[in-house]
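What TrEMBL annotates here:
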type: COMPBIAS; residues: 514-524; note: compositional bias 'Acidic residues'
type: COMPBIAS; residues: 528-539; note: compositional bias 'Polar residues'
type: DOMAIN; residues: 24-508; note: domain 'Major facilitator superfamily (MFS) profile'
type: REGION; residues: 510-539; note: region 'Disordered'
type: TRANSMEM; residues: 20-49; note: transmembrane segment
type: TRANSMEM; residues: 69-88; note: transmembrane segment
type: TRANSMEM; residues: 100-119; note: transmembrane segment
type: TRANSMEM; residues: 163-190; note: transmembrane segment
type: TRANSMEM; residues: 213-232; note: transmembrane segment
type: TRANSMEM; residues: 350-367; note: transmembrane segment
type: TRANSMEM; residues: 373-392; note: transmembrane segment
type: TRANSMEM; residues: 404-423; note: transmembrane segment
type: TRANSMEM; residues: 443-464; note: transmembrane segment
type: TRANSMEM; residues: 485-503; note: transmembrane segment
Amino acid sequence: MVKQQLEVLKALDVAKTQLYHFTAIVIAGMGFFTDAYDLFCISLVTKLLGRIYYTVEGAPKPGTLPPNVAAAVNGVALVGTLTGQLFFGWLGDRMGRKRVYGLTLLIMVTCSVASGLSLGHQPKAVMATLCFFRFWLGFGIGGDYPLSATIMSEYANKKTRGAFIAAVFAMQGTGILAGGIVAIVVSSIFDKQFPAPAYAVDAKASLPPQADYIWRIIVIFGAVPAALTYYWRMKMPETARYTALVEKNAERAAADMSKVLNKEIRVETEMVERLTTEPSNSFGLFSMQFLKRHGLHLLGTTSTWFLLDIAFYSQNLFQKDIFSAIGWIPPSQTMSASEEVFKIARAQTLIALCSTVPGYWFTVAFIDIIGRWAIQMMGFFFMTVFMFAIAFPYKHWSKKENRIGFVIMYALTFFFANFGPNSTTFIVPAEIFPARLRSTCHGISAAAGKAGAIIGAFGFLYAAQNQDPKKTDHGYPAGIGVKNSLIVLGVINFIGMLFTFLVPEPNGKSLEELSGENDGDVEEETKIPQNGNNRSVPV
């Protein structure tokens, strides 16, 4: 007696790493590159938007976005992403991964361009259209999360599946890095072509009219990599696990994977019928069977992603504020508009280059060696340690002579976020749930993460304000300060460690073993008749 598994799925599980794996990584990864670029590039230009649309003539400092506008600009894409994760996650299990995959990309390309072309010159008109299109941009980005993860997990072999999914997610780091580089290049070109004095020297001249193009070009550029991969995304065949276990089309699953793997695969119509009609393979999301088998798993994936994203998005979206607080970015009145964009982008690019990107690729290198659970636990632990190490002696780090040390400590929290839970919370939900619910459950887990991101983005915006009302940004109430905000984020990371105990270890197991889809016992495969319903498909 052996566990049931279709030959086509077994062939995928044991397939040697080959060209189609790398093709899938590039196609899915470029979507994630775009996701990260589009989500995080806004933090590079929010200061510029404040200067352009909210500077008051004669004020001692350049304008900043009012609290409600800043919250909307930073948060609306996250709200759209949360919505898209739930909707497209569900749709990916209903219509198929491939069919929905192209739609998300089209939404991203269209809305990236539309965001940069936000209409009007009046602040309300520009901000309203920017927020409108960034919501729908986020909606498309949201769909990419469950679909990219699910497609990559269902294509990969079980030996290197973690590394393949991690490689797709690692493109997020490259997207963040690219956003900084594009901002550096664009702001440098404009600074050279349209030189301007610092705001304190000549307020009006510090903001040449051409500066309005800087943020638009940076935002629009996000459409380029997504558009380049649309054709290849449409050429990918549907995953065999969806075709066989959800659509119940054994012949097409075998035919598609015969071409992909370049080998002959038997069509197992009877076995597909038997597997997909068993009670253990037909329960729904809102059933007692799901609750018993996967309820704690879903709680583990949603809670850890939720807690991680509170800390991760707080750090990422508001790096510029933290660097300003320690004096790493000079006061805005000492710079021109283009110079400020350049210095914010340079700081964020340095952090991405030295800690964010290496963290992702450390995960790729080690995830199939030490496992998902160990990496997630280690990441949360060190994020907690470094956050507290920054927060408690905050006065020490804020002194000019200690600022480089602060940046190194801050960078290490990013490194262990990415060589840790930021990667594993994306990977695990794509592995442990049944094929018919995999995209939906990943979407729910990812949406929980974005709920945390929204709390981080909105909450930290207010919480990090100075405790002295006279020292807050214009229009903001007094907060708890950067130090206390970092302490809160450290506590959140510690709680993430505790919830990690609910997350199983998928390392080295097939997706069907993990989800329980091959739990039924059948006779040895040699006894399966080679009749008309179990024939081979030629390559």
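Including glycine, each Cβ sits where the backbone N, Cα and C put it.
With pairs at least 6 apart in sequence, the transmembrane segment (350-367) and the transmembrane segment (404-423) have 3 or more Cβ pairs within the 8 Å limit; the two touch.
Highest Cβ pair count under 8 Å relative to the transmembrane segment (163-190), across stretches 20-49, 69-88, 100-119, 443-464: 20-49. In summary, the transmembrane segment (213-232) lies against the transmembrane segment (20-49): three or more C-beta pairs, each 6 or more positions apart in sequence, are under 8 Å. Cβ atoms under 8 Å from those of the transmembrane segment (443-464) belong to residues 67, 70-71, 74-75, 78-79, 81-83, 85-90, 92, 142, 145-146, 298, 301-303, 305-314, 317-318, 321-322, 325, 425-426, 429, 476-477, 479-482, 484-485, 488 of the same chain, restricted to positions at least 6 beyond its ends.
The transmembrane segment (485-503) shares the most Cβ pairs under 8 Å with 373-392, out of the stretches 20-49, 69-88, 100-119, 350-367, 373-392.
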